[in-house]
Amino acid sequence: MMRSITVLAGREFASQLRSGTLILVGVVAPVLLAVLFGFALGGSDTTEPSRVGVVDLDGGEFASSMQDEVLASEELSDIITLEEVGTVSEAQGAVDTGELGSAIVFTEGFTETVRAGEGGVVEVLESASNPVAGVVATSVVDQMSALVQARTLSVRTATAAGVPTSEVQEFVEANGADGPSLSLVDAAMADGAVDMSVFYASGIAALFAFLVVGTAARSLLLERRIGVLARVQASPVPGWALVFSKAIVGFAAALLSMCSTWVASVLIFGQSWGYPPAVFLLFAAHCLAATALTMLVATGARTDAQADGYVLVLSFTFGFLGGSLIPIFQLPDALQVLSRFTPNGWTANGLGSLVVSGGGIDSILLPVAVLLAISAVAAVAAGLRFRKGLLR
């Protein structure tokens, strides 16, 4: 059976290469648009520094020292400014209204628990209207957490070594853990600027993934019209093998398209999209979702021309709502909520973490998990609809 699927997929892939469809729709068009948008609308996003509130419920030396480290960081001086806020409710209200981009909350007893080697809790309040501030604040807190964990480990090690409780603090401080020290370096966000060529290129890549898969879905309906599907069903090969082979080609072509746009953008504009393995993993998850959703939409089409129309509507609807055409934070609140139901929105979310904060694979686990969940649900629904319709 796998041999039949491989043969059918190879035939479809070769057909798209011969016709030029794969090269034109999958490579030339998205790369050309990404380059044009990059030159016309790219460049650094030089918005004013984001306002980040600080709620210090602790009032101790560790919370104060960490704030001083942030204020002294040259890397963050052009990106965020810190503002003191009295209570969590005030900070949440300011974040919700957009007065603050985000807020960092040092919980009560933070210094005492850190000093005692019991860890400490620092929270981040984020705003959908200013994702950059939220990502930077989260990055700062992540580094704070690493420092707290190091301090905790030092205290526990000293205690396990038999150091008297009254001498633990002095011992830890004497061995290089006398307080927090942040090293905040963000190569993906030089001078507080994000190059918009990355945004436009990644958005176009995500949008064209649907259009590329659409060519495979269209060919399936075309082959039904000209009798190819009927001949396959009359042979020992089941009809679903043809459908599966089309989906494989659609996925592979979409992934090739996204990677081509990615590589072209990096080579032409010299802007990193983040940790390459993480970018590739995110693209693969997006292409799986695009393949499943496009094949699901194709089940409702009666002709290949109708399938083209459905795919166009699907592609641009997800592109608009998911931030492929317009940054999500510029959309109305209601549409920002809808973006969470689109593959493009989660892909943009993952790329934002990679580009802005320089995260690794662990920073995109949630977007990838959501994309895989979307893929699974859509694939099951598409399989059931094909079974009741096209393959009957």
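Glycine is treated like the rest: Cβ placed from N, Cα and C.
For the transmembrane segment (21-41), the residues of the chain that approach it from at least six positions outside its boundaries are 13, 196-197, 200-201, 204-205, 208, 211-212, 215, 253-254, 256-257, 260-261, 264-265, 268-269, judged by C-beta separation under 8 angstroms. For 21-41 (among others), the entry in TrEMBL reads transmembrane segment.
Among the features that TrEMBL reports, domain 'ABC transmembrane type-2' is placed at 161-389.
Here TrEMBL flags 198-221 (among others) as transmembrane segment.
For the transmembrane segment (242-269), same-chain residues at least 6 beyond its ends with a Cβ under 8 Å from one of its own Cβ atoms are 5-6, 8-9, 12-13, 16, 22, 25-27, 30-31, 34-35, 38, 42, 195, 197-198, 201-202, 204-206, 208-210, 212-217, 219-220, 223, 228-229, 232, 279-280, 283-284, 286-288, 290-292, 294-295, 386, 390-391. Look at TrEMBL and you will find 242-269 (among others) tagged as transmembrane segment.
Taken from TrEMBL, the feature transmembrane segment covers 275-298 (among others).
Here TrEMBL flags 310-329 (among others) as transmembrane segment. Listed by sequence, the residues of this chain that lie at least six past the ends of the transmembrane segment (310-329) yet keep a Cβ under 8 A from its Cβ atoms are 128-131, 199, 202-204, 206-208, 210-211, 213-214, 217-218, 293-294, 297-298, 300-301, 335-336, 338-339, 341-348.
Feature annotation from TrEMBL assigns transmembrane segment to 364-384 (among others). Distant neighbours of the transmembrane segment (364-384): 240, 278, 281-282, 285-286, 288-289, 291-293, 295-296, 298-299, 343, 346-347, 349-350, 353-354; these residues of the same chain sit at least 6 beyond its ends, with a Cβ under 8 Å from one of its Cβ atoms.
Residues 12, 15-16, 21-22, 25-26, 29-30, 33-34, 37-38, 41-42, 229, 242-243, 246-247, 249-251, 253-255, 257-258, 261-262, 264-265, 269, 271, 273, 283, 286-287, 290-291, 293-295, 297-298, 301-304, 306-308, 311-312, 314-316, 318-319, 322-325, 327, 343-344, 347-348, 351, 355, 390 of the same chain sit 6 or more residues outside the transmembrane segment (198-221) yet have a Cβ under 8 Å from a Cβ within it.
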